[in-house]
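S.K.: When I checked Swiss-Prot for this same protein, it listed these features:
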TOPO_DOM  1-458  topological domain 'Extracellular'
REGION    1-289  region 'Disordered'
COMPBIAS  20-30  compositional bias 'Polar residues'
COMPBIAS  50-59  compositional bias 'Polar residues'
COMPBIAS  76-101  compositional bias 'Polar residues'
COMPBIAS  138-149  compositional bias 'Low complexity'
COMPBIAS  239-250  compositional bias 'Basic and acidic residues'
TRANSMEM  459-479  transmembrane segment
TOPO_DOM  480-485  topological domain 'Cytoplasmic'
TRANSMEM  486-508  transmembrane segment
TOPO_DOM  509-525  topological domain 'Extracellular'
TRANSMEM  526-546  transmembrane segment
TOPO_DOM  547-619  topological domain 'Cytoplasmic'
TRANSMEM  620-640  transmembrane segment
TOPO_DOM  641-654  topological domain 'Extracellular'
TRANSMEM  655-675  transmembrane segment
TOPO_DOM  676-698  topological domain 'Cytoplasmic'
TRANSMEM  699-719  transmembrane segment
TOPO_DOM  720-732  topological domain 'Extracellular'
TRANSMEM  733-753  transmembrane segment
TOPO_DOM  754-786  topological domain 'Cytoplasmic'
TRANSMEM  787-807  transmembrane segment
TOPO_DOM  808-835  topological domain 'Extracellular'
TRANSMEM  836-856  transmembrane segment
TOPO_DOM  857-900  topological domain 'Cytoplasmic'
TRANSMEM  901-921  transmembrane segment
TOPO_DOM  922-1006  topological domain 'Extracellular'
Amino acid sequence: MSAYYRNNWSEEDPDYPDYSGSQNRTQGYLKTQGYPDVPGPLNNPDYPGTRSNPYSVASRTRPDYPGSLAEPNYPRSLSNPDYSGTRSNAYSAASRTSPDHPTSLPEPDYSEFQSHPYHRASSRQPDYPGSQRNPDFAGSSSSGNYAGSRTHPDHFGSLEPDYPGAQSNSDHPGPRANLNHPGSRKNLEHTSFRINPYADSLGKPDYPGADIQPNSPPFFGEPDYPSAEDNQNLPSTWREPDYSDAENGHDYGSSETPKMTRGVLSRTSSIQPSFRHRSDDPVGSLWGENDYPEGIEMASMEMANSYGHSLPGAPGSGYVNPAYVGESGPVHAYGNPPLSECDWHKSPQGQKLIASLIPMTSRDRIKAIRNQPRTMEEKRNLRKIVDKEKSKQTHRILQLNCCIQCLNSISRAYRRSKNSLSEILNSISLWQKTLKIIGGKFGTSVLSYFNFLRWLLKFNIFSFILNFSFIIIPQFTVAKKNTLQFTGLEFFTGVGYFRDTVMYYGFYTNSTIQHGNSGASYNMQLAYIFTIGACLTTCFFSLLFSMAKYFRNNFINPHIYSGGITKLIFCWDFTVTHEKAVKLKQKNLSTEIRENLSELRQENSKLTFNQLLTRFSAYMVAWVVSTGVAIACCAAVYYLAEYNLEFLKTHSNPGAVLLLPFVVSCINLAVPCIYSMFRLVERYEMPRHEVYVLLIRNIFLKISIIGILCYYWLNTVALSGEECWETLIGQDIYRLLLMDFVFSLVNSFLGEFLRRIIGMQLITSLGLQEFDIARNVLELIYAQTLVWIGIFFCPLLPFIQMIMLFIMFYSKNISLMMNFQPPSKAWRASQMMTFFIFLLFFPSFTGVLCTLAITIWRLKPSADCGPFRGLPLFIHSIYSWIDTLSTRPGYLWVVWIYRNLIGSVHFFFILTLIVLIITYLYWQITEGRKIMIRLLHEQIINEGKDKMFLIEKLIKLQDMEKKANPSSLVLERREVEQQGFLHLGEHDGSLDLRSRRSVQEGNPRA
């Protein structure tokens, strides 16, 4: 054991004398009677590395070896009584036993401390005759006349302990000298056996007659003394400390140690002193000398670690060497040896955890298991074990109520289906890898645009599935064959062949579809209006839910305002091993770090009054100019729309219908570029503010244009007396949507590419451009608004928009990677998605609801086309259906819902107002949390300053103490250096501030 730490670095070498693997070679000899002494380091006294060889280079008992670990007695040695700093020198200035020493540590006054003269944490060494520190005492470890001393010339290499109570101490024989002691091996009537706390005993028994034992036990195997077989089935015999005060003293064992072995293993209870941990006493960490020598006679015990060595001072040992208490090493926190990963639940802690999980509900049990710091496999095994134990208990107790069992099964099935659905949705999620690449290279600001595009794509997929299932498929069953010729120009104009298809409102029938005389009927009027209403209602609640979710995640949660430092420090996933994935993760981390640092820098920036005045003036000028440009564009669109109807009557060219969409698309492309140039004048410090301003200006422009067009459609086209004005409006919306898509593609592949050529080759000072988030996001909002308006007049618009968004994602991604550079000012866009959805909800979606409400409640449908032909208003189809339901008592609740909710035009406006009020309340809650977080942050900073002040005061007091008592620091310095020599390469975290400062000052190279 004494060579454990000294030879720890060489235990992996099979040729090293103390290599643990060499011990296994002798196991075959140990199992035989009278086995011969094989040449090796274990039992060869002449081997150079053996402990009993007095001339061994590594022997601790070699008196002339300068590096010996025995007690040195050279001048200025700690064991030399003439040394000024020794503890046994009564006249030493630093003597801790000197009552006049000003820095003498006070002695604890509790009774238990006085009853243990060998208590290691005692600051005052006992000087009674039996004390080890008394050099005149024969049993003292510092006495050279002691028979078992390491420095005794006639007893080299003895491993017999020299503390009082050891076998070779005649004055204090202890319990081992008593042949009738219950724990003695010479007492054949006792059924106990010894426990070896260390593995360095090499399996050699130390009782008399061990060499001639007929049946020598195997190495580290079963005990061989008489009556040992009776106790082989004791559950915790080899793993518990056997002294009497193990539970109240210094016990490293488990808190649930069985009580069955307390009365059996009592051999060491009478000789085991009480020790405190090194880290419990700040002064005890400075003592480098061992109160007891290391040569304790030991027997074998079951090994727990992978090297075959029991750790010195390991829990469960009968004797704990205070020299190794608190040392760093693979020592477990519990007394039992460590179990394998698959058998951890068999430990007392695992059984306790299982017992605590059984009475929990299913939801609480899942949360508790999920919070366990274990691997997924261990969590699954734990869940299976708990379910198995719970099923066993349920058979023993009374059966639960039928309703409770039903509710539990329903909740369990719901959780499983929810988890399965979540896994399926995650597996089919689009563009996960592409989005990670975009976020890693361009940051979260650019990534927010592509996330918004994907969200809109999912939205349109749902709308198309709904329309296709309840409107288009039933119409296919009664549709007539289209006799018009397809030329290909219909893709751009939307007229001709597409007019007599399911694409437009005028193609649908107004009759009730019924197959057979006794088959169920299908009312197309109700199906058409209810499907459109269900689609818009679903969009409404989806927008509310998404906006609330993003608002909660990005505004209310306090971790958003913590700077993300914790995430940046602890976010690395060590399961990522693929090279590309690792590089992508590194890019994401570096981008997030730059975003956090830029925000911290921008928050701390302050401007002077003149700078604020200049910027405010620039902002006012930019807003006036942008508002004037938007008003001029809206006026131009209005006059062009009024002229367009007359223009189409006089021109029969199929391309004439593209005039209005072409002009509107040119305005939508050119004006946002002009708005983006205002950044050169405004110069916002925070890029987020710049994006917000551009979004507000662009949304004002685009929604104003859409409002002008809606006014033109509802007041000019609807009242123009055309044969099917609903189809004309649907064709106009289709052309606007298609033209906007074409302009976006041309701008991506041609305009942005030309800008890249100019910036890289012609005018290099311009460089690559940055991605304009505001302009691109408003293109998506503009297109989606047109889709919602046109879904009533063109049910296939969600499908068309779905294809356009799919193509636009890849085109924007290619253009982004080729023609753009990352933002020069990195900033976090975690709140951008919330703002995008809010703009999509208001004013976009609310404006759509107003437009469709006016269409349904105020306008007369065409008399010769569409499902509502012949009705005075679109809503009259609902009125007639409600009148039919009012005659049936079972459907009166439907009548009430319609008349009080759906029939009220103001219902949607009231609901929108409620949402805005709730949003405002949440905003105020968020502001209050911001203030609280700021106050707590300041409190943490102040507490840190207070601690630094106290540390400085403590350092000053220690410096004053050092100047007043320099000799005590010399002693402590030598003790620390000796500890560093004995435990080289280990970190001792229990050194106090004074010892560390003394070591640094005494050894400047350190």
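Glycine residues also receive a Cβ, built from the backbone N, Cα and C atoms like all the rest.
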S.K.: How about long-range neighbours of the transmembrane segment (459-479): same chain, 6 or more residues beyond its ends, C-beta under 8 Å?
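M.R.: Cβ under 8 Å, 6 or more out: 502, 507-509, 511, 513, 515, 522, 524, 527-528, 530-532, 534-535, 538-539, 542, 784, 787, 791, 795-796, 798-799, 801-802, 805.
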S.K.: Which residues of the same chain, at least 6 past either end of the transmembrane segment (620-640), have a Cβ under 8 Å from a Cβ in it?
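M.R.: For the transmembrane segment (620-640), the nonlocal Cβ contacts are 659-660, 663-664, 667, 671, 674-675, 678, 681-682, 697, 700-701, 704-705, 707-709, 711-712.
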S.K.: So, taking each listed stretch (486-508, 655-675, 699-719, 836-856, 901-921) in turn and counting its Cβ pairs to the transmembrane segment (733-753) that are under 8 angstroms, which one gives the highest count?
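M.R.: Stretch with the highest Cβ contact count: 655-675.
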S.K.: For the transmembrane segment (699-719), give me same-chain residues lying six or more residues beyond its boundaries with a C-beta closer than 8 angstroms to one of its C-beta atoms, as numbers and ranges.
M.R.: 627, 629-631, 633-634, 637-638, 641-642, 645, 664, 667-668, 671-672, 675, 725, 728-729, 732, 736, 778, 781-782, 785-786, 789, 839, 843-844, 847, 851, 854-855, 859
S.K.: Quick test of the contact rule: Cβ under 8 Å, at least six residues beyond the ends. What residues does that give for the topological domain 'Cytoplasmic' (480-485)?
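M.R.: Distant Cβ neighbours of the topological domain 'Cytoplasmic' (480-485) are 496-497, 499-501.
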S.K.: Over the topological domain 'Extracellular' (641-654), what is the model's mean pLDDT?
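M.R.: A mean pLDDT of 82 is what the model gives the topological domain 'Extracellular' (641-654).
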S.K.: Cβ under 8 Å to the topological domain 'Extracellular' (720-732), counting only same-chain residues 6 or more beyond its ends: which ones?
M.R.: 493-495, 499, 503-506, 645, 657, 660-661, 709, 713, 790, 792-794, 797, 861-862, 864-866
S.K.: DSSP on the topological domain 'Cytoplasmic' (754-786): how many residues come out helix, how many strand, how many coil?
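M.R.: For that range the per-state counts are 23 helix, 2 strand, 8 coil.
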